[in-house]
Amino acid sequence: MDVTKIKNPRFLKNMSTKQLIELSADIRKFLIEKLSKTGGHIGPNLGVVELTIALHKVFDSPKDKLIWDVGHQSYVHKILTGRASEFDTLRQYKGLSGFPKRSESEHDVWETGHSSTSLSAAMGMAIARDLKGTDEYIVPIIGDGALTGGMALEALNHIGHEKKDIIVVLNDNEMSIAPNVGALHNVLGRLRTAGKYQWVKDELEFLLKRIPAVGGKLAATAERIKDSLKYLLVSGVFFEELGFTYLGPVDGHNFDDLFENLHYAKKIKGPVLLHVITKKGKGYSPAENDKVGTWHGTGPYKIETGDFLKPVDTAPSWSELVSETVRKLARTDKRIVAITPAMPVGSKLEGFASEFPDRMFDVGIAEQHATTLAAGLATQGMKPFLAIYSTFLQRAYDQVVHDVCRQNLNVFFAIDRAGLVGADGETHQGVFDIAFLRHVPNLVIMMPKDENEGQHMVYTAIQYDDGPIALRFPRGNGLGVKLDEELKKIPIGTWEVLREGRDLAILTFGTTISMALEAAEKLAKDNISVKVVNARFIKPMDEKILHDLLESNIPILTIEEAVLQGGFGSAVLEFAHDHGYHQAVINRMGIPDRFIEHGSVKELLNEIGLTTAHIIDRVKTIIPRKQKRA
């Protein structure tokens, strides 16, 4: 079947199981081919082909609400709802989003990108349905990895308490991104081997009903027997005790089993949890045999071999540079303990985990716990190294403030993917951390201009014993600069003048340093002399350099690959105001007040006006203003 001709999922209603099996093969072939060119979340989507088809056949989207947790497994859903013809633009600039998008389709009822949100959203929709008196089914689809998130467990508790009609589909592939961890994962493991839960439950209840109710004592005994047998025989008790009817485990690649259980779930009053077992990467051997999460999300690849088409780049990734520097330091510093919230591969911590298995903790999708775990370690003199993406640190804000910074604990936050990340789009852009961290007392924030300075900042963070410290670094590879053999501490709160100039000073850090230097070089040809300062410490700032600049009345331009509101430029403006420099000319460039969608980082920077050319244009608008005032 040509899946690009699909307009909506209604055609599934009249298809036979044999036809659906053929459709599954066509969809897998389509995904493998398209994603080999664009990259994307291939593993999760190959694993949910039959499940997604079954959901759209049994339910009536968009009337019935299919809510995809995390959303990276929504490609099959997009195909079945008429978007296959757009897959050449998947995750490309102005193209199809890699996640559910309400503006794309009426079938996308919930937007996401972070995990564990679907159940809370489903509960909200179910309450709204009941208040309005409508009858649609509410069906959140959540993975076993996302179910480890505290928010999901909070929602399970509320749904079970309120007894709302919600059908939760647990897509259990034993992996979220990397292999799942934790006690809840072990519970699911027991469930997988428990056989047909509902059959055992029904038989048990049938037998117990045949016990004659002669007197209260016998009835009480029968109830105790029932409870004991329930705990002994039925592993689904975890969900039953939360108030759910548990169905499964069900083969997520068997249409007959899926249809039988989905139709049965529709008849049950109250919340239902359907436990579906799927194989991540099914149908493509490199992805199917992946044990560590490499094929969760990828760039382009060769279909025949499974080899990734990596750009020619000999420089190490920023994640690798940071993790390997910490690993080297951990050989002599026994205080160092690494923590990751389910991102050991993305954060390049495999080497650390292999060398120091007793000092490496993957806590699962649990950013709040990871942060307070680090705080607890710090109270006992350890040096916790929390490797966390900027976008996911948002989920642990209270723990950063209340548990770490308020107690002034020595936690090292390694904030990965800081700045624009590109194809994953608005849910993953790491542009808010400066704004939500800068105003928190006791916290040091820094960002290097290159990987050599980066390794020295890692060393500085490990040696820093006066409170929490955060190192921001971007996604992707470094610049390929030579690394010093000996690590050194960088004095906290010191900046670095990279280029002298008399007409204007650019204050910037991180990825925008190279833009500023290039702009200054080109402006020099127009007789505009620009000073460039590496403002590597966002907090505390270098007050000496700031006073010198402000006293000289030189115009200042701040540049940051982060949101302007509450950002670094705002800090410079506050400093000038608070110290009485009310005539200072300070301009800011950065991320505007809107969410930045997907595309390459280069395309996005051009769209928001944050390139060398834009810097040159801005400087030329500032300098005449300065001359006119003179």
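Here the Cβ of each residue, glycine as well, is placed from N, Cα and C on the backbone.
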Listed in Swiss-Prot for the thiamine diphosphate site shared with Gly113, His114, Ser115, Gly145, Ala146, Asn173, Tyr284, Glu367, one of His56, His72, His77, His402: His72
Between His72 (thiamine diphosphate binding site) and Asp144 (Mg(2+) binding site), the C-alpha gap once rounded to whole angstrom: 14
Cα-Cα distance maximum in Å, computed over every pair in His72, Gly113, His114, Ser115, Gly145, Ala146, Asn173, Tyr284, Glu367 that the record assigns to thiamine diphosphate: 32
Spatial neighbours, same chain, of His114 (thiamine diphosphate binding site) - Cβ under 8 Å, 6+ residues apart: Val70, Thr391, Phe392, Arg395, Thr427
Surrounding CB atoms that lie within 10 Å of the CB of Asn173 (thiamine diphosphate binding site), all protein chains: 22
